[in-house]
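Annotation comment: Swiss-Prot describes Cys64-Cys173, Cys190-Cys200 as disulfide bond. Among the features that Swiss-Prot reports, signal peptide is placed at 1-23.
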Amino acid sequence: MRQRRISGSNLMMVLCVVAMCRAVPINDLIYRASQQSDKLHALSSMLTQELGSEAFPIDRVLACHTSSLQTPTDKEQALQVSESDLLSLARSLLQAWSDPLEVLSSSTNVLPYSAQSTLSKTIQKMQEHSKDLKDGLDILSSKMGPAAQTITSLPFIETNEIGQDKITKLLSCFRRDSHKIDSFLKVLRCRAANMQPQVC
């Protein structure tokens, strides 16, 4: 009975948080999402720099499991894409990294001992930020219509063995995609604030 009360209390807390978020204006939701994505990209950049994977060969980055998704390649192209489509792209990329981040989290033992602790803690933070950002974008998409709610499936094929080279590749791919997500949300933030395109 006590466990049931606790579960009921947790459910009520979640519902209250969702209700409050749904009452928040779209501009504020976009601003919060942009801040969250900025933190996520900063973490991924820091980790790739620490592990020396920043200069990963571009031809191998093109082999990322998300490469099939057609996305704007620069700010000028992103400015031509609708708000709903930008949000859909950001959500698709974010969803595509749910499983790979789990794989990275469970594979830190293959790295040199000195790097294991740093990688483990940072990936845990990236998972937390990803989940928070996903929850925020889900609420935001519900306010922006069907197009924003569309998610393109980008399957991740997990291999039985994962070594340092595979970890390096995944981290480089995640840094690339987290930069895209951050860029798309910054464009949305600019539009929500009615800023001129040239200053976005």
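The count begins at 1 with the first shown residue.
Using N, Cα and C of the backbone, Cβ positions are placed for all residues, glycine too.
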Which same-chain residues, if any, lie at least 6 apart from Cys64 (disulfide bond) yet have Cβ under 8 Å of it: Lys169, Cys173, Arg176, Asp177
Local backbone state of Cys173 (disulfide bond), from DSSP in three classes: helix
Residue among disulfide-bonded residues Cys173, Cys190 with least C-beta crowding, 10 angstrom cut-off: Cys190
